[in-house]
Amino acid sequence: MTRAFNFNAGPAAIPLEVLKQAQEQFVDYKGAGMSIMEMSHRSALYEQVNNEAQSLLRELFGIPDNYHVLLLQGGASTQFAMLPLNLIRPGGAGAYVMTGAWADKALKEAKLVGDTVIAASTEADKFMRMPDMSEIVVPDNASYLHLTSNETIGGTQFTEFPNTGNVPLIADMSSDILSRPIDVSNFGVIYAGAQKNLGPSGVTVVIIRDDLAKDSPKTIPSMFRYDTHVKTNSLYNTPPSFSVYMVSLVLQWIKAKGGVAQMEQYNRDKTKLIYDAIDQSGGFYLGCAQPQSRSLMNITFRIHSEELEKQFIKESEQEGFIGLKGHRDVGGLRASTYNAVPLESCQALAQFMADFQKRNG
Ligand SMILES: *Cc1c(COP(=O)(O)O)cnc(C)c1O
């Protein structure tokens, strides 16, 4: 068996150890005579999986006791709507930090639901940087401030977060959750689709402070209310049980690797190889994001000619590299280097980049 050098943006690489463990348990989960997928979500065995996914997340991410961990469906895209539905207060507005494609999608949904305001924008710089903390203005009537901690398409990442005082800070961490330690107590809500850094698609993690899960408007249907899922331990309806199980295995894997601080170091080592290949290419490769905002999860870069970019993608695929084509909206090249992408894949890519330059520079 050969495993591809997988740089997909999402769904993305899952640790080989996790896939093998799932394979071992696939047909007969813990002697039950059936797979986890065939089991009642009310069974003791599944409840264990549901609880373990939550408690490992708490442990690894340092989530304080006054937060709930919810395991929901509908992806981060559903949170774009659920957040403003539940959290924009009468007379209030959702404040958004505009940093690229994902922030824009979040804002668009909020606009359908209530009043919104733009608290900062880096559009003038084509979203190739994150704003400084001093650029972010939280209006008096803000019900919350929403930001995207890592812009998966542009390849930019926040390195610090604004102090918003009493206004809840909300972060879409879909593409960098558990890639580095974060002080969760600075946030009102953190949410993330699982398919980048936590496992397969199908489950969305929502970490929400107690008080924010309470006073949702009475008119919101049950499935879209945070309190519904809080009260039922994320078992209000049938959960995506196989996805939750896979997330629990990925969390065990992160723990065995030494935790989130170790992940960050590993991610720094991995991305340095590729950013160095860009910076030391004498201008053959051009990094897209401004250096102070460079992401440790999605490395975006270009070659001076689109012809060569096409050739780069074609030849890289022949060599076993997958997913290096930039997002269709922005073009260019992108390497996604989530937690589960091994160092060896990044070493191989850096080598391929140097060789490609030698042949075409
Ligand atoms: C992928 C992604 C999303 C969309 O997630 P879905 O689970 O597909 O809805 C939202 N935000 C960011 C930052 C992403 O990377």
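Count begins at 1; order follows the chain as displayed.
Each Cβ is built from the backbone N, Cα and C atoms, and glycine gets one as well.
Note: TrEMBL annotation is automatic and uncurated.
For 5-316, the entry in TrEMBL reads domain 'Aminotransferase class V'.
In this view, Arg42 (L-glutamate binding site) is surrounded by 9 other Cβ atoms within 10 Å of its Cβ, with every protein chain counted. As annotated by TrEMBL, L-glutamate binding site applies to Arg42.
Annotated pyridoxal 5'-phosphate binding site per TrEMBL: Ala76, Ser77, Trp102, Thr152, Asp172, Gln195, Asn237, Thr238, in sequence order. Residue density at Trp102 (pyridoxal 5'-phosphate binding site): 21 other Cβ atoms are found within 10 A of its Cβ, drawing on all protein chains shown.
Long-range Cβ proximity for Lys196 (N6-(pyridoxal phosphate)lysine), meaning a same-chain Cβ under 8 A and a gap of 6 or more residues, is found for Ala9, Gly10, Ala12, Thr152, Ser174, Ser175, Asp176, Ile177, Met297, Ser336, Tyr338. Here TrEMBL flags Lys196 as N6-(pyridoxal phosphate)lysine.
Proximity of the binding-site residues (Arg42, Ala76, Ser77, Trp102, Asp172, Asn237) to ligand 1: a Cβ under 6 Å from the molecule is found for Ala76, Ser77, Trp102, Asp172. The Cβ neighbour count for Ala76 (pyridoxal 5'-phosphate binding site), using a 10 Å radius and every protein chain shown, is 23. Cβ neighbour count for Thr238 (pyridoxal 5'-phosphate binding site) (all protein chains, 10 Å cutoff from its Cβ): 10. Pairwise Cα distances among Ala76, Ser77, Trp102, Thr152, Asp172, Gln195, Asn237, Thr238, the recorded pyridoxal 5'-phosphate-binding residues, top out at 31 Å. Under DSSP, Asn237 (pyridoxal 5'-phosphate binding site) is assigned to coil, being neither helix nor strand in the three-state scheme.
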